Amino acid sequence: MASLGDLERTVMDVLWAADGPVAAAELRDALADRELALTTVHTVLSRLEAKGFVEHDEARPRRFRPRATREQHAAELMHEVLGASADRQAVLARFVGGVDPEEARLLRALLDGTAPGAAR
Amino acid sequence: MLPATAAALAVLAALLAWPVPALLGRARWPRRDPLVALVCWQAIGLAGGLSIIGALLVHGLAPWGHSLPEAGWAVLRGHPAVDPVRGDHWVTLTLAAVLAAELLGVLALSWARTARTRRRHRELLELVVRPSPAAPDARLLEHPAPVAFCIPGARPLLVLSSGMVAELDDDQLAAVVAHERAHLAEHHHLYLLPFVAWEAALPVLPAAARAHAAVRELVEMRADDRALASLRGPDPRRTLAQAIVVAAGGAGGGVPSGALSVAGGALGARVLRLVDPPAPLPAAARAAALLCAGLLLLVPTVLLLLPAL
C-alpha cells in the first residue's frame with residue numbers, strides 16, 4: 001500500500017515530465033500500473049494544490065501543471081537552509097553553519113596544524 | 001509579609017540574569033562534558049524564570065498570607081487581604097502576570113512557528129529528495145552546496161545534499177550522518193526551545209543571547225561526542241573534524257554573507273576539541289556540577305513553597 005506522500009511524489013514526477021497541463025484521467029492512465037481510482041488521483045491533486053505545488057486551468061476537464069520545477073523547489077529549500085541564521089537553527093539542525101572564507105581558511109589551517117604525527 | 005523570601009528570590013534572579021550565565025559562558029569545562037553543561041544551562045533558565053516571577057508574586061501577594069500557597073489560596077477563595085494592599089503590590093502582581101504570560105506566550109509562539117516552518121520544509125523535501133545510497137535513513141537532495149541537516153519531529157528527516165556526498169569520502173559521510181542522527185536521537189531541538197523563548201521574550205537581557213549561543217554550541221559538541229561513539233575507522237575524531245572543515249569551506253559560494261551569522265569561533269572550538277580532545281571531566285566534578293544544577297532548581301522552589309522567613 002503506497003503512502004499518500006509517495007503518491008504525491010509520483011504524480012509530481014509525471015507532471016514534471018509532461019510537456020503541458022495534464023488532466024486527472026490522463027494521470028490515472030499514466031499511472032495505470034498502480035490501478036488508482038480517479039477519485040484518488042483527484043485527492044492527491046487537491047492535496048498538492050493546497051500545498052501550492054500544482055495549479056489548474058479552467059478548461060474542461062481541468063488540467064493540472066506544476067507551479068515550479070523540481071530544481072526551483074530544491075533551490076527554494078536550499079536558500080532557506082543555507083540562510084538559516086542562528087534563530088532558525090531551531091527549525092532544523094544543520095551539520096555546519098555557514099562561515100566566511102577567512103574563517104574557513106582558519107579552520108583548514110587548524111586541521112592541518114594538527115596533522116596525524118604532528119599531534120601526540 | 002514575606003520581605004525576606006521576596007528579597008532572596010530577587011537576589012537569586014539577579015544572579016541568574018547576569019553573573020551566573022556570564023561565568024558558565026566563559027568557563028572552559030563545558031566543552032569537556034557538554035551534556036552536564038547542558039543540564040546546568042537548563043537549570044539556569046528554569047530557575048531564572050521561577051525566581052524572577054516568584055519574587056514578584058511573593059511580594060505582590062504578601063498582604064494575603066504568610067506563604068505563597070497560603071496567600072494564593074486566600075486570593076482564589078476571595079478572602080480579603082490581612083494587611084493593607086498598597087500600590088507596589090499591584091505593580092509587582094501585574095509585572096509577574098505580564099512576564100509569565102510573555103514567557104509562556106513566546107514559548108508557545110516559537111513552538112508553533114517552528115512547527116509550521118518544519119512542516120513546509122518537510123512537504124518540499126518529500127517532493128524533491130531521493131533515498132540516499134549512503135545511509136538507509138538519509139535522503140539525497142540535488143544541490144551543489146555541501147549541506148547536511150535534519151528536521152526533527154514525529155517523522156524526522158535526515159538530508160544530505162549531493163554536493164556533500166561528492167566532497168566527502170565514505171567515512172566522513174558516515175560521521176556526518178552519525179552526528180545528525182545524534183541530534184535526532186537526543187531531541188536536541190527541545191534543549192534549544194526554552195532559550196529561543198528567553199531570547200525573544202527578553203531581548204534586552206544579554207544573558208539570554210549568551211545562553212542561547214552557548215546551548216547551541218554545546219548541542220553540536222554533544223552530537224559530535226555521540227557520533228564518535230558509533231564510528232569505526234582508524235581515527236574517527238579526525239574524520240569528523242575533516243568533514244566539518246569541508247562542509248564549512250564549501251558553503252560560501254552563492255550565499256549572501258550577511259545571512260551567515262554562525263560564529264566561526266564556535267566551529268573552531270568544535271574542530272579543536274575533536275583533533276585535540278580535552279581530558280574528560282572527573283567524576284567528582286561532574287557530580288558537583290549536577291548537584292549545583294539540582295540546588296539551583298531546589299532553592300527557588302523551596303523559597304516559594306515554605307512559609308515566610
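Using N, Cα and C of the backbone, Cβ positions are placed for all residues, glycine too.
What TrEMBL says about this protein:
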type: TRANSMEM; residues: B:6-24; note: transmembrane segment
type: TRANSMEM; residues: B:36-58; note: transmembrane segment
type: TRANSMEM; residues: B:90-112; note: transmembrane segment
type: DOMAIN; residues: B:116-194; note: domain 'Peptidase M48'
type: TRANSMEM; residues: B:240-263; note: transmembrane segment
type: TRANSMEM; residues: B:283-306; note: transmembrane segment
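Residues 2, 5-7, 9-10, 12-13, 16-17, 20-21, 24, 29-30, 68, 92-93, 95-96, 99-100, 103, 191, 194-195, 198, 211, 214-215, 218-219, 222, 281, 286, 289-290, 292-294, 296-297, 299-301, 303-304 of the same chain, all 6+ positions outside the transmembrane segment (B:36-58), place their C-beta atoms under 8 angstroms from a C-beta of that stretch. Only residues 6 or more beyond the boundaries of the transmembrane segment (B:90-112), in the same chain, are considered here, and those with a CB under 8 A from a CB of the stretch are 49, 52-53, 56-57, 59-61, 193-194, 196-198, 200-201. Broken down with DSSP, the domain 'Peptidase M48' (B:116-194) shows 42 helix, 15 strand, 22 coil.
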